[in-house]
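Written below as structure tokens is the structure these notes are about.
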Amino acid sequence: MSEQIVTPDTAALTVPNKDAKINLLDLNRQQMREFFKNMGEKPFRADQVMKWMYHYCCDDFDEMTDINKVLRGKLKEVAEIRAPEVVEEQRSTDGTIKWAIAVGDQRVETVYIPEEDRATLCVSSQVGCALECKFCSTAQQGFNRNLRVSEIIGQVWRAAKIVGAVKTTGVRPITNVVMMGMGEPLLNLNNVVPAMEIMLDDFGFGLSKRRVTLSTSGVVPALDKLGDMIDVALAISLHAPNDTIRDEIVPINKKYNIETFLNSVRGYISKSNANQGRVTIEYVMLDHVNDGTEHAHELAALLKDTPCKINLIPWNPFPGAPYGRSSNSRIDRFSKVLMEYGFTTIVRKTRGDDIDAACGQLAGDVIDRTKRTLRKRMQGEAIDVKAV
């Protein structure tokens, strides 16, 4: 089967039936201007409405006081601003907040991580995940569907609404967004890219492209396409120093091996300004699986031609997982080897693990609709991005 990369189009402008309303959260600025053009309005109306939507977290047309009453009435007839609702909130002792967010009859999870100098939101891109990484709780839930643009950017909107809109508080509620929640973002490009465009847009959330990070496990055809679509920071879920280990814990490696993956990564960062010439390597530490000093030496040799910084992630356990968490001493020895080679190496501080909000622990509530044949194809054959 040949790879098919799905790119953003104007599908969001299509109303499924005459009684349905267009959810304006599904539209990036280009699509929003097309929407107002079709209403017979000037393009600047799109900018006005987006400013209300994202700077004030406003979802009521009647509150948009610089828009005339007639147009507000028209908007109420054909459009809505409907973000997914929070159905459960958990707060960690370290300040981390995890929200379970309803998307249809299921849930995804979004995590807010406040720090002294920043506030990061971890956003989901799919209901579940089809890649079956063995150390990840989300992967064990199976896969159901891709999230729509409104369900992705809606997580950011809802979090900002709860924490406090910038125009209301005077403080930016979210400084960084990481596409590291449930799902593989590159298997949902047609929705993830427009959502990230809204994150970057001055009339959207206005984030710097260096503060929006997409993390991928290695869907190479989509990564090759991504650089022509948008420029954001890139993090890669490597987790192994060789193909033998990675084949076992990250099954997509059987299709796109480490060499192929890193070649694609170098191609992306060579034309990216957001990455400042280097990529973030994510490496989960699994006890006596990939955490020996011999693995550290091997990883250093592997990455010698890839400008990068390395995040070592203490593994966060979940019920039934076949792994153990590396000891602090093993992580420390691993880190020291990498630093001796000159790599910037950071041991990620675990946040929110007491509420299962830490890396690899997000599970949501997923009805698994992944066909077994599709899973096997993803491990050993070409991936049809459109089919997932």
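Here, residue 1 is simply the first one shown, and the rest follow in order.
Using the three backbone atoms N, Cα and C, a Cβ is placed for every residue, glycine included.
Together with Gly183, Glu184, Ser237, Leu238, His239, Asn316, Swiss-Prot lists one candidate of Ser208, Ser215, Ser264, Ser335 for binding S-adenosyl-L-methionine, that being Ser215. Taking Cβ-Cβ distances under 8 Å and a sequence gap of 6 or more within the same chain, the neighbours of Cys133 ([4Fe-4S] cluster binding site) are Ala139, Ser217, Ser237, His239, Ile249, Val250, Pro251. Other C-beta atoms found within 10 angstroms of the C-beta of Ser237 (S-adenosyl-L-methionine binding site) number 25, with every protein chain shown included.
Of all the recorded positions listed here (Glu109, Cys122, Glu184, Ser215, Asn316), Asn316 has the Cα closest to the Cα of Cys136 ([4Fe-4S] cluster binding site).
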